[in-house]
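The coiled coil annotation in TrEMBL covers 144-178, 203-230. As annotated by TrEMBL, domain 'BAP29/BAP31 transmembrane' applies to 34-159. Annotation comment: TrEMBL describes 26-46, 67-93, 128-149 as transmembrane segment.
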Amino acid sequence: MAIYEGEQPNAYMQSTGRSGSNPWQLFLYFIFPIPLVFLVLISLPFPARYRAKIRVGILNALNRISFLRFDYGGASISLIAIIILIALLGLIFSANDSLNARRAENQAHFFAEKKELRCKRWRAERNFWLSVLGCVLWVVLLRIQTLLMDVGPLEERLKRAEEERDAAAKESKEKEGVLRRLREAVEQGVREGKEKEGVILTLREKMGEVEGLKKRVVMLEEEKEALRKGSKKTS
């Protein structure tokens, strides 16, 4: 409420004499605790084994609040929009009260009156920063919720990519094992072929020796036959 010229400061005090603490209980017991609890739960270092399940549960609970909507007169509005609207209204009203209290304090003449107006101004400034903090908490929470919802599909894709990589690595190792066994088989075949070639060469050499012996036997038989014929002639 603005201070008009000629209006006394005590009139402003009477106009703002209503208790301003009751509306701010909504901030203290509802608007602040919800984002604080969710932000703390999201930030806690849970064990890696259960971290994904806990995060899914937190996101499901947060989605129930984020997507909760109220229908009124054919219009639909979400709970988050209502909360942010309340915080913005509190910010506007507290800023207006702080400005009016400062003006009234400058126009006051008595110490007690100045003291009371200063207390009202401080209370209005406190409420202003409470409103700012409430807006910031909900905006940060919504942003983190969006990021976590984007992280879920990315983690699934990363998990599938890692599984495909592991499968490809396993298949590659199996193929390397098959190639290694084939290489060993080829090397063994080459060694066996060389050994067989050596045996064949040895057999050929032996066969050559046998042929030589056969020729020697034939020559000896011929010499024997010639000697026998010669002995018959001399007799």
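Backbone N, Cα and C atoms are what each Cβ position is placed from, and that goes for glycine too.
When averaged over the coiled coil (203-230), pLDDT in the model lands at 80. The residues of the domain 'BAP29/BAP31 transmembrane' (34-159), classed with DSSP into helix (H, G, I), strand (E, B) and coil, number 107 helix, 8 strand, 11 coil.
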